[in-house]
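Before I ask anything, here is the structure I am working with.
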Amino acid sequence: MASLSTQYWQLFLAQGLCVGLGAGCLFCPALAIVSTYFSKRKMLAIGICACGSATGGLVYPAMFQQLIPWLGYGWTMRALGFTTMGCLILSNILARPRLPPYSTGPMVELAAFRETSYTLFAIGIFLVFWGVYFAFYYVSSFGVDIIGIPQNESFNLFLVLNGVGIIGRTLPAYLADRYTGPMNILLMVTIASIICAWAMIGVTSRGGLYAWTVVYGIVGNGLQAMFPATLSSLTTDLKKAGVRMGMVFTIASFSVLTGPPIAGLLITRDNGRYVYAQAFAAASMVVGFFLLCGARFAVTGKVLFHKI
């Protein structure tokens, strides 16, 4: 559909609406299915599964950039679609639910919000995701507008940010399984992401921006991978894992939808500077971090050192 689009509303429906709905319908069930197969090394399994989005964030933009001068827009989009279709055929052949369908339950389990830990976790993730995606949307324009790197080179920042995500999505998951538990690792990568978000204000050189991009790519992608893994560990009934994960993904989707436009508005209000937007991203993550801490202590009580 996107390959045939000639007007903005057509592209919005095809790429904005349909791709968004399709990606949501694919990502959440994939993680939920994987989580039901593992009792040991579950976090690592989910982290490896989540590497697919980091790999796609590296491969698809590179394909688009390389193919469009040769094939044009239409066939470039079709090539991306055929690549996706091949991957989905393979995943549909291999992916099988381990547990029988939870046919008697509702699509939305409102009773989950009676659990303090779940409610605090959902609100905390909303606020954290309000800020964490700022860099993924604006690192390239920040490099051009503030640092002064060439427009064609700014694309490399986006590739680096996604490419190092393979490390960020697997290493924290391994540490969570081996040592600390997913919630503790989630809090650690959230703190690291907050520090990086504030540190972005002080980036003034090309080398500094690349170094910042590598570090933030690791911790920011780690945060994205650890939040579904953490939610899976907080759900004791595996039959409800998919429903509860989908509910939090839905809540988080609104923060991803609204966060970048708010940041863009703040950049405009700041006359093209990024300080207000950077402060908004970091501050929202700080508030979200404290709510995630509340979710942890709602489960563990006042115990500080506890694997969860």
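Every residue, even glycine, has its Cβ placed from backbone N, Cα and C.
Take a look at what TrEMBL says about it:
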type: TRANSMEM; residues: 12-32; note: transmembrane segment
type: TRANSMEM; residues: 44-63; note: transmembrane segment
type: TRANSMEM; residues: 75-95; note: transmembrane segment
type: TRANSMEM; residues: 116-137; note: transmembrane segment
type: TRANSMEM; residues: 157-176; note: transmembrane segment
type: TRANSMEM; residues: 183-203; note: transmembrane segment
type: TRANSMEM; residues: 209-234; note: transmembrane segment
type: TRANSMEM; residues: 246-268; note: transmembrane segment
type: TRANSMEM; residues: 274-299; note: transmembrane segment
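Burial and contacts for the listed features, if you can.
Cβ atoms under 8 Å from those of the transmembrane segment (75-95) belong to residues 2-3, 26, 30, 33, 59-60, 63-64, 67-68 of the same chain, restricted to positions at least 6 beyond its ends.
Listed by sequence, the residues of this chain that lie at least six past the ends of the transmembrane segment (116-137) yet keep a Cβ under 8 A from its Cβ atoms are 158, 161, 190, 193, 197, 200, 213, 216, 220, 223-224, 227, 230-231, 234, 244, 247-248, 251-252, 254-256, 258-260, 262-263, 277-278, 280-285, 287-292, 294-296, 298-299.
Within its own chain, the transmembrane segment (274-299) is flanked in space by residues 115-118, 120-121, 123-132, 134-135, 138, 142, 145-146, 183-184, 186-187, 190-191, 193-194, 197-198, 200-201, 234, 259, 262-264, 266-267, 308, which lie at least six positions past its ends and keep a Cβ under 8 Å from the stretch.
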Can you tell me which parts of the same chain pack against the transmembrane segment (209-234), counting only residues 6+ beyond its ends and a CB-CB cutoff under 8 A?
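Hits for the transmembrane segment (209-234): 31-32, 35, 42-43, 46-47, 50-51, 53-54, 117-118, 121, 125, 128, 132, 135-136, 139, 142-143, 147, 149, 157, 160-173, 176, 181-183, 185-186, 189-190, 192-193, 196-197, 199-200, 203, 241, 244-245, 248-249, 252, 295, 299, 308.
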If I count Cβ-Cβ pairs under 8 A between the transmembrane segment (246-268) and each of 12-32, 44-63, 157-176, which range comes out on top?
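Highest pair count goes to 12-32.
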Quickly jot the same-chain residues contacting the transmembrane segment (44-63) by Cβ under 8 Å, restricted to those at least six beyond its ends, or write none.
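The answer is 27, 30-31, 34-35, 37-38, 76, 79-80, 83, 155, 158-159, 161-163, 165-166, 168-170, 172-174, 176-177, 221, 224-226, 228-229, 232.
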